């Protein structure tokens with residue numbers, strides 16, 4: 001983990017002629033930045049993450065990781081630079097936690113290296129990072145949703161990349177486990193200077209944990225900046241299509257949203273505390 | 001883990017031993033005599049030129065089918081995939097039968113049978129690929145398409161048999177699967193092929209384990225999923241075709257042995273691929289020994305002196321029961 005890598009998205013279009021998903025996205029994620037992507041379902045957030053992970057190729061435009069054009073990198077070279085945690089994963093019957101986390105080493109070790117016995121230190125560190133070493137031999141299928149998500153995060157961390165992309169890492173989790181995952185990400189990013197981009201549905205989490213908030217609507221970036229500047233009633237209305245008010249956390253100062261408030265049919269003056 | 005492996009190896013040895021003493025024409029005591037260096041020349045011939053190659057062919061074909069099944073199920077992420085239900089086995093049978101019917105292959109040219117079976121297996125897999133297309137993600141749909149492809153190929157095989165019944169006798173056994181009359185020539189063709197493709201499959205153990213985790217994760221972890229899947233399918237087709245050319249369409253072995261191997265050796269294919277080879281060898285060899293032992297009472301009950309049960313009939317019956325058990329055990333498991 002020497003220096004961090006940034007992500008540069010230049011004029012990226014993606015989709016089909018009749019159904020464009022991204023229509024000209026420009027975004028420069030600086031090295032070491034913690035960015036949250038927000039927007040409605042289908043606005044192109046997940047597609048943008050997949051493009052940044054090299055799993056999709058843009059129709060127009062290009063994606064650079066620290067100056068290297070993704071189109072010129074092999075699948076394995078890409079996976080050594082960027083790890084992507086998908087929103088959901090199918091069950092893998094019979095696989096233990098350690099076996100699953102080991103799979104993250106594929107890019108580093110290659111197909112024949114995966115045949116060697118034993119874990120390298122990175123796997124042990126990844127298990128430790130998310131606090132699952134003590135049950136490394138348990139089958140993944142027997143874990144609760146929150147535990148499983150931590151294990152999947154460990155698999156992405158085992159890729160030992162400088163860029164971490166997370167697609168709705170808190171979906172299906174209760175509030176306790178949502179905060180658990182987000183705090184782990186924030187801590188690791190501070191310890192190792194990771195560049196993190198995560199799709200979040202909960203604007204409260206985005207405003208609380210991210211340094212930078214990027215809002216997408218209909219395949220375009222419509223707001224970009226620190227949460228305290230970007231999160232406004234206008235953003236709620238335009239991007240998330242909800243009426244609401246925005247306040248400030250009395251201690252931390254980050255924006256706090258009160259969606260669906262004022263209640264429909266009741267006239268209030270929209271104001272900011 | 002190593003204890004389970006030892007137990008399995010011991011079982012394989014026991015089954016191989018049973019296979020050597022089973023069968024008519026020679027009592028177990030006579031087998032002991034021959035192994036001790038005695039016995040008549042006929043007995044020596046039976047043991048060393050009929051029973052021994054037959055046992056080895058059964059072991060080798062079983063190993064091929066077990067590995068092919070596990071590779072297929074992992075590559076397609078489909079626990080219901082198997083050489084029998086993905087068009088590979090019926091295609092290989094069609095290839096072997098057609099080549100024999102056209103006079104291009106036969107008992108005298110086993111290599112031509114292997115080649116024909118391979119071409120047929122590839123054609124069967126390609127047919128399924130065309131039908132299922134990119135939407136081959138859904139296990140149930142792939143299984144349905146596989147049944148369709150298998151039915152069509154089976155019909156074509158029947159047609160070839162009706163049109164060109166010349167070598168019918170030698171050809172029919174490919175339909176059921178039998179180790180009857182396999183000699184050293186078959187073994188010499190089978191083992192290099194089986195060894196090479198099993199080794200190739202084992203080299204793919206890392207990518208295949210990743211493919212089991214789903215394409216999303218495998219791709220993100222750095223695997224070119226399309227290429228890995230194509231290589232894996234090639235291995236599976238080659239292994240199945242080798243087995244079919246040697247012993248015919250042994251039902252359910254390739255479908256069920258992987259479940260056994262995964263249950264015993266876990267989801268890491270570095271271990272469960274060799275495990276599937278062992279389990280497949282065990283199942284086919286054991287079934288062949290059992291079929292020979294059963295043949296005697298069945299034959300005497302029916303009054304048909306020379307009746308022999310083909311091993312394929314036994315694996316199919318036992319396999320159907322086991323498949324029901326697998327499905328019943330976990331009715332709502334998300335595969």
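Quick reminder: no glycine exception, Cβ is built from N, Cα and C everywhere.
What you are looking at is a predicted structure, and each value in this text was computed from that prediction instead of being measured.
Record features (TrEMBL):
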type	residues	note
TRANSMEM	B:56-76	transmembrane segment
TRANSMEM	B:88-105	transmembrane segment
TRANSMEM	B:111-131	transmembrane segment
TRANSMEM	B:143-164	transmembrane segment
TRANSMEM	B:190-211	transmembrane segment
TRANSMEM	B:231-256	transmembrane segment
TRANSMEM	B:307-327	transmembrane segment
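Sequence-distant residue pairs (6 or more apart) of the transmembrane segment (B:190-211) and the transmembrane segment (B:88-105) include fewer than 3 whose Cβ atoms are under 8 Å, leaving the two stretches without contact.
When Cβ distances are compared across the two stretches, the transmembrane segment (B:88-105) makes no contact with the transmembrane segment (B:307-327), since fewer than 3 pairs at least 6 residues apart fall below 8 angstroms. It is B:231-256 that, among the stretches B:143-164, B:231-256, B:307-327, forms the most Cβ pairs under 8 Å with the transmembrane segment (B:56-76).
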